[in-house]
Amino acid sequence: SFFILFYVFSFDFDNLFCVGWHIRLTYGLDYKGNLCGDKHAHPGLRKLELKYWLNPNQVYQSGVKDSQFKLSNARSICLWDCPIPSEDSLNWVCDYPEGDIRLSMRDWINRNYDYYEFLTPEMRNTSLQLQGPCYPVIFPSVNVYWSCQFIARASNISLRHWQQMGGVNINEDMVIDKSIHRSINSRSSVLKRYMADIGKSWPVLIVCGGMLPLFLSVIWLLMIRHFVSAMPWITVALFNILIITVTMFYYLKAGWIGNDAISPIIGEHDPYINVVGRELHHLRAVAILMTFVMVVSILTSIAIIRRILMATSVLKATKRLFCASNCLQVAAKVIGEVQALIIFPIIPYAILAIFYMFWISAALHLFSSGQVVKNNCNTNCCAYDLVAKKVNCDGCCGYSIHYTPHIAVAIFFHLFGGYWATQFFIACSSTVIAGSVASYYWARGETSPEIPFLPVFASMKRLIRYNLGSVALGSLVVSFVESIRFILESIRRKLKVAGVTSDGWFGKIGNHTSQGCLRCVEWTIKSVNRNAYIMIAITGKSFFKASEIATELIMNNILRIGKVNVIGDVILFLGKLCVSLSSAVFGFLMLDTYKYRAAHNKISSPLLPVLICWALGYVVATLFFAVVEMSIDTIILSFCQDSEEHQGTAQYAPPLLIETLGDQNEMQRLTQ
């Protein structure tokens with residue numbers, strides 16, 4: 001029944017792909033509600049991708065404190081490039097050619113948007129009143145994320161010509177700069193740019209988030225089979241090198257090292273113009289966080305290196321149990337099983353890769369969806385209408401993209417579905433591996449009718465036929481707990497920003513205690529689920545019954561499991577981090593090429609693409625490292641189950657496993 005719920009959920013998720021119907025992540029809207037760069041707009045705006053505000057006084061008014069006028073209502077059009085003032089005269093930017101202005105859009109662009117000489121005396125007079133159709137270029141502007149950012153440094157020559165022609169007063173305050181800057185750096189604009197970065201950097205996500213971790217995970221599995229004793233040293237050293245490298249890359253992009261800080265300005269510009277985007281502040285915050293993580297990680301790895309080396313015996317035991325052809329005389333069958341286990345993660349990897357391509361594409365559509373509606377404003381603004389041949393003071397409100405409540409629900413639904421699907425596929429992979437290893441253990445590793453031919457495929461068959469509902473339920477529990485923790489954390493942050501939370505020591509203790517409890521609950525749920533998947537594969541029980549059996553086994557054999565399992569997980573966890581950190585490093589290197597630093601493919605910040613490469617690398621590493629991780633856990637739980645069923649003496653365990661776990665009599669005494 002829970003698998004049916006998962007299927008219905010996935011079906012609804014696929015339908016979400018059609019919700020987003022316009023891409024508005026990069027370009028803005030003009031005063032007619034057209035999307036800049038849209039060739040189907042009226043007039044056609046193909047390659048006119050820059051949003052430019054015509055009236056500087058409206059821009060100024062929108063930035064004045066307590067002003068009712070908003071920048072979204074200021075008259076704006078789409079241009080090829082940002083205008084600059086003339087050095088010896090006055091440049092004009094005129095509205096789209098319509099009515100009596102017999103110019104094509106191409107001619108309008110070739111004339112640098114200036115047809116002032118064709119205006120009638122009435123039109124020239126309204127233009128001098130800043131009512132159009134032509135407006136003076138007084139302030140220089142620069143392309144900042146496809147919007148022309150005014151620089152509050154008026155051209156004296158242009159301003160003198162304007163005053164000599166009898167133009168109205170133009171405000172020159174810094175507010176004109178800050179108004180557009182505030183709009184460009186609003187939270188919604190930054191979020192859209194981050195989502196656009198994902199769409200632009202899709203080749204990086206495929207290479208660094210998919211192909212590279214696949215290659216590195218296979219290499220790591222092969223190395224752990226042939227260089228067991230050296231792997232703790234290699235893993236710890238590589239982990240420290242990689243986390244230092246990633247931190248240094250963040251410092252570079254934050255501008256604290258070298259001159260390679262990210263810039264919001266697109267294209268060539270005056271080097272003396274300095275514009276800072278919110279993305280730079282985000283990078284600096286992450287750089288500080290990474291510094292703390294780097295220091296803690298290095299100190300922790302140094303402190304536990306002695307315990308990490310103890311994991312070598314566990315890994316050796318697992319390797320010999322898999323390759324037990326010499327001690328247990330299982331030649332071809334065991335070798336065939338090992339080979340199938342190593343290549344099996346490619347199957348869930350391929351499924352997840354296809355899923356993520358659709359999921360990310362649907363996410364881009366969702367975040368760019370919405371309805372273009374005219375703003376509801378009571379602003380008294382007038383502009384010359386070329387079609388009506390008069391000044392119109394009624395319809396001067398601008399357009400905005402409004403997101404209805406069901407879009408927000410759909411986005412949450414989409415994010416939850418992506419996390420649930422990821423946990424589901426990882427759980428399926430873990431259950432198949434556990435079933436394969438359990439088949440080998442309970443047949444004493446010998447050629448026996450009880451071992452099915454190709455245990456991996458037999459385990460997959462059992463999963464599909466009997467256990468998909470239990471696996472879907474387990475992954476749903478993890479996703480639900482994680483979602484609750486995320487919602488509570490979001491509420492906590494909002495309360496902290498609003499100043500509602502107590503700043504006293506009692507409030508701080510309660511805050512940190514609640515966070516710690518939620519993380520403990522999350523960790524416990526994930527741990528119980530992993531062991532439940534093993535018992536599902538071993539016993540075929542339902543999820544809750546398997547969880548009960550697994551928990552009872554763990555509590556009865558806590559010393560035995562603590563001696564082996566905890567130590568072995570350390571190096572596996574560090575191995576996953578090495579793979580994911582390598583993906584992040586190569587993501588930085590690819591995003592630092594010219595393709596992603598200029599023109600249309602320029603990304604606002606490498607932050608989100610690198611984090612996604614990091615996350616995808618960790619997911620891929622989890623799929624492949626589960627071969628070793630789940631093998632260790634399955635063998636240990638099978639050993640404990642074997643001991644429980646035979647009064648403390650395992651009957652099916654190979655001698656090497658008993659040797660690894662220590663003296664049998666002592667272990668039995670401690671367990672009792």
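Positions of Cβ are set from backbone N, Cα and C atoms, glycine also.
Positions annotated as transmembrane segment by TrEMBL: 202-224, 230-252, 285-305, 346-367, 424-443, 463-488, 570-591, 603-628.
The stretch from 230-252, 424-443, 463-488, 570-591 with the most CB pairs below 8 A to the transmembrane segment (346-367) is 424-443.
Taking every recorded stretch in 202-224, 285-305, 424-443, 570-591, 603-628 and counting its Cβ pairs under 8 Å to the transmembrane segment (230-252), the highest total belongs to 570-591. Outside the transmembrane segment (570-591) by six or more residues, the chain places 201, 203-204, 207-209, 212-213, 216-217, 220, 224, 231-232, 235-236, 238-239, 242-243, 245-246, 249, 253, 301, 304, 307-308, 311, 315, 603, 606, 609-611, 613-618, 620-622, 625, 628-629 with a CB less than 8 A from a CB of the stretch. Outside the transmembrane segment (285-305), and at least 6 residues removed from its termini, the chain residues within Cβ reach (under 8 Å) are 232, 236, 239-240, 243-244, 246-247, 250-251, 254, 256, 570, 574, 607.
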